[in-house]
Amino acid sequence: MVPKLFTSQICLLLLLGLLGVEGSLHAAPQKFTRAQWFSIQHIQTTPLRCTNAMRAINKYQHRCKNQNTFLHTTFAAVVNVCGNTNITCPRNASLNNCHHSRVQVPLTYCNLTGPPTITNCVYSSTQANMFYVVACDNRDQRDPPQYPVVPVHLDTTI
């Protein structure tokens, strides 16, 4: 009985450790609000090559992010989407703070192609015009006061 209990405890610790790591990968670096981090990760008014564009994100996370989507629009335009009807987030049904864009935007999808080394993360890119769904929250006191509700998570593209 003792070996089974010990094995179960080890498995539980490993699972909790993995969940902790996964949660921390989605958190904003401490110096940024969630909206600021959203903007860094997902807003790019002028398309750049993925390998170059991803450097800023990877620098703060100290790893090569596997994939990322850049919306080629403005932060203000995405804030306006936060005013659309609340929906359940397609990728996380426990959240109901998502909002569907009414118009398609040009975007770039970046996908890590090679074995990741933090000094040389190489990405392929795919361009498309798509709708998107963002999660929005009340602004942090460090966010611009003209935006009472701000995007904090790109949930999916459609």
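Each residue, glycine too, has its Cβ placed from N, Cα and C.
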Of C11, C136, which cysteine does Swiss-Prot list as the disulfide partner of C82?
C136
With the disulphide bonds as Swiss-Prot has them, who is the partner of C50, out of C98, C110?
C110
Taking Swiss-Prot as the reference, C89 is linked by a disulphide to which residue in C64, C98?
C98
By Cα-Cα distance, the member of recorded positions K65, Q67, N68, H153 nearest C82 (disulfide bond):
H153
Sort the recorded positions C64, K65, N66, N111, H153 by C-alpha distance from C50 (disulfide bond) and give me just the closest.
N111
Which recorded positions sit within 10 Å of N68 (substrate binding site) - Cα, from N86, C110, H153:
C110
How far is it from T69 (substrate binding site) to C110 (disulfide bond), counting Cα to Cα, in Å?
6
Looking at the recorded positions listed here (K65, Q67, H153), whose Cα lies nearest to that of C136 (disulfide bond)?
H153
